[in-house]
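**Student:** Pulled these features from TrEMBL for this protein:
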- 16-662: domain 'Myosin motor' (DOMAIN)
- Gly109, Glu110, Ser111, Gly112, Ala113, Gly114, Lys115, Thr116: ATP binding site (BINDING)
- 539-561: region 'Actin-binding' (REGION)
- 817-988: domain 'TH1' (DOMAIN)
Amino acid sequence: MLLNMEGALVARDQVGIQDFVLLDSITSETAFLDNLKKRFNENLIYTYIGTLLVSVNPYKELGIYTKKQMENYMGVNFFELPPHIYALADNAYHTMLTEMNNHFILISGESGAGKTEASKRILQFYAVSCPSTSLLDRARDRMLVSNPVLEAFGNAKTLKNDNSSRFGKYMDIQFNREGEAVGGHILSYLLEKSRVVYQNHGERNFHIFYQLVEGGEEETLRLLGLERNCQHYCYLVQGGTLNTVNYKNDWKTMIRPYLFGIIGSILHLGNVQFEADSKGYAHPLTACCILLQLLGVHVQVLQEALTFKKIEAKTEEVLSPFSVDHAIYARDALTKALYDRTFTWLVNKINESLENKDSTKKTVIGLLDIYGFEVFYVNSFEQFCINYCNEKLQQLFIQLTLKSEQEEYEAEDIEWEPVQFFNNRIICDLVEQRHSGIISILDEECMRPGEATDLTFLERLEERLGNHPHFVTHRLADQKTRKTMDRGDFRLLHYAGEVTYCVVMHQAKNSIVKHCFPPTEADSKKRPETVATQFKSSLMGLTKILTAKEPWYVRCLKSNEDKQPGRFDHVLVRHQVKYLGLMEHLRVRRAGFAYRRRYEVFLHRYKPLCPATWPHWRGVPADGVERILKHLGYSEDEYKMGRTKIFIRHPRTLFAIEDAYEICKHELAAKIQAKYKGYKVKGEYRKKKEAATKIETCWRGVQARKEREKRAWAVKVIKKFIKGYMTRHQAATTDNSEYLTFVRHNYLTRLKDHLPKTVLDKSTWLTPPPVVKEASEMLRKLHMRLMVRKYVRGITAAQKTQLQLKGLTSELFKGKKDSYPQSVSRPFVDTRLSEQDINMRVLQMIRHERIKYSIPVVKYDRNGFKPRPRQLILTQTAAYLVEEAKMKQRIEYRSLKGDRSVSGSLSSGLMGLKGWRHGDLVLQCDHLFEAVTKLCVVANKRNIVKVVQGSIKFDIQPGKEGFVDFGSGQEAMAYKAKNGHLMVVSASLWCGCCRC
């Protein structure tokens, strides 16, 4: 693999050093951290240690993961561009294609450091960079879609991370010979099952539970017997109610709805409570009907599983009742086993969808997203397993790194120098060794008969491991150490430092769950494995898988605990650098030679440093390289000549060569530039001088001729203008034609900026000079027509109808009624009564006639003039007078008459309908103009309205007449006067079809 470090050399003085291998001091943590911080402050979160990538979580979006960035890193040498996760992914991919072997990328770091995000970025890069077909796109899409599903079931909110992976994941991406992604496979490790039944304060259960409760459809929740409130479920409220995750948005990514029955069952199972009977035996307190229906378990079977424990007798096994504490333990054990098997089933189903059954040879790139070293205030069984995993990976990491270095040295015939480093095999043996390791002792305690407790387990550890240099307990420790430990603690000295573990619940978390599921035939033939043993076996298998592949590493660091952008916590980062073994890795990489390069490439870059090799070297590249180094004065102990590469021991030697190259490069460039510029400038100067002389001569002649012509033209124009002004009132001649044209043009220009804006504006038209007076009038009329046309075109259908009605009202009442001018600005409405205001019986009676208009009115009796509230309804064929549910009068439009002249005050709201066979109707309404206009339009009769002045008479009944007198007063009223007439105080109106 070709490594190009020159980019790092050029940029080292700009923003730190891009590769820690080039640090002068490889033992100084301070120099290491200072370089990290310098780059972090400039938003450069990636730095190399050889081919290892160090990533510092910035907790903000940097815009460095675009498709353009992906294209920049496709197919380039590893160090050619600034450090980036895309560079590592691309180099692993092309090395795999070139050498046709398998690779893996190990992503490690503590929770919240960005491991899951790094894994996603690598998958996205391969999704864009790999060749694409419809079949391959489907496989690639399944890999991408599997991520959110696994995150839902395997991730949870913790104190350090809102989306913390609570399981280890190893994914193989399979490629064919053409580099196309054709399939994949996922392995999972140590799912944190205990989180299902218990969460620390400030933490939450797995995402899937909240996604189901908060984002599930109502029908789904109903079928599962769930409520949309997480506070109703014991397994979801132990860590508090603080929620910083939007689970509703993640619900759409969920598939396999039949899994939700199991998730719902777990929530119901968590709400099952127990009470003790008189003998102290446990009985379920909570009704379990919905739970049993979802689980498909018989009531008696469930009760036995939760309230009875198996006791081995001499000849048979018998069931003994549980206590309440034992029943709760059995319930939680069943829950954890159920969720664990569900998660395993889900991983298997994803693997089935990713499986490629093509038998042709494939190569793989594995992605290992594994938990980092964990040190909490209280460290339990989970931290013990996680830290054991990190010990094994650290051991593998050192072995593979040393192996890679040693193989390269042997291939180049360079003497291998032993590297001093801490071998953590002693710690791995302490944990995993058969019969005498911590895991074996824990398994023995879990499996032996009798009442084994966590404290008896601690006693066994003290008996068997008391003399081990990396193990100590409270009883075995000295006086000073005891002050930092509790009596139930033991402490291991890991490669990353000391970690104190609390033995409480170690046996419970490690034990096999019994009676939750029926044993298989295979289980009955062998001793069941505990959780720790299963994890140990899985880890051994993973180690075997990784050993067969070429390694690449991504080490993720948290910049601070509070997830604050731009803040670099030295203490926290130093702690992570220590337990991730970064300084150890740097020492291994720098144990021999800091820099190695092929002779051809080294010679091509640095040949200007020696006169013998510049500008061309005709001999063997290795000889040319040696001539350069001797010319620079380096001794043989500072470098070694391999078979194909030059090896330089110290970074300072390489920096000095690079500095000399930079100086030489500038000197050569300056010499070449000076010679070339002198030659070119002299020639250009001569040409420019000759050209300038010719141009100056021609230009002065042209300018003089133009000036003369310009003055002659100006004299003629001024003469014509003066003569035209003097003869401006005469008929058009050659003397004044240009002046008059100027006058017309000037007027039209000014008129353009002073045109009237509205139709009613008739005063802003500019006064025209005599020569354009006729044209000005024509323009004024044209402009008026244009404004009218625009106004008419801008009128809507509703406005047009309103204007037509107002026009009819004007014909009927303009100049005849005093209050008409005040009514013009008030628009008419379609009706004054809605269908809800009209009685249902009335609507049924006139259901065949369409209601055109309706209004509330007051009817005056014909004899006593008593006011009666009524509703006047105009339909297509007749006018109706309605009293609540009664139809009082119906007058067809064809019977309306307008042959009588009437007189009355013109400000009253009275009107009379003339045409009813029993006599005229006297009505009063608040919207007289609107009602009469609507009546004329609906009846299609415009000549039935007559407006006259004076007292009027009307027919009380055939042959009997009544009178309406009008007067004025302080307030409007209508009453029966002493003379028997209807007295209306204020203006009133009488229509041809009615009297008002």
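Cβ atoms here come from the backbone N, Cα and C positions, even for glycine.
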**Student:** Six or more residues beyond either end and a Cβ under 8 Å away: which residues meet both conditions relative to the region 'Actin-binding' (539-561)?
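**Tutor:** Apart from its flanks, the region 'Actin-binding' (539-561) reaches 36, 40, 51-59, 85, 88, 91-92, 95-96, 99, 101-110, 112-115, 118, 160, 170, 187, 189, 364, 366, 368, 372, 388-389, 392, 396-397, 400-401, 404, 567-569, 572-573, 576-577, 580, 582, 585.
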**Student:** When a 10 Å sphere is centred on the Cβ of Gly114 (ATP binding site), how many other Cβ atoms does it contain?
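**Tutor:** By my count, 24.
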**Student:** What residues, ordered by sequence, lie under 8 A Cβ-to-Cβ from Glu110 (ATP binding site) and sit at least six positions away in the same chain?
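**Tutor:** The answer is Lys160, Tyr371, Gly372, Phe373, Glu374, Lys558, Gln576.
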**Student:** Applying the rule Cβ within 8 Å of the centroid of the Cβ atoms of Gly109, Glu110, Ser111, Gly112, Ala113, Gly114, Lys115, Thr116, what extra residues of the same chain belong around the ATP site?
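**Tutor:** These residues sit around the ATP site: Asn57, Asn161, Ser164, Gly372, Cys556, Lys558.
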**Student:** Return the average pLDDT for the region 'Actin-binding' (539-561) as a whole number.
**Tutor:** 89
**Student:** Quick check on the binding-site residues Gly109, Gly112: which one has the highest count of other Cβ atoms within 10 Å of its Cβ?
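**Tutor:** It comes out as Gly109.
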**Student:** Let's check the environment of Thr116 (ATP binding site): how many other CB atoms sit within 10 Å of its CB?
**Tutor:** 22
**Student:** What is the total of other Cβ atoms whose distance to the Cβ of Lys115 (ATP binding site) is within 10 Å?
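**Tutor:** Result for Lys115 (ATP binding site): 27 neighbouring Cβ atoms inside 10 Å.
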**Student:** Provide the three-state DSSP residue tally for the region 'Actin-binding' (539-561): helix first, then strand, then coil.
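**Tutor:** Helix, strand, coil within the region 'Actin-binding' (539-561): 9 helix, 9 strand, 5 coil.
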**Student:** For the binding-site residues Ser111, Ala113, work out the Cβ neighbour count at 10 Å and name the residue with the minimum.
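**Tutor:** Checked Ser111, Ala113; of these binding-site residues, fewest Cβ neighbours within 10 Å: Ser111.
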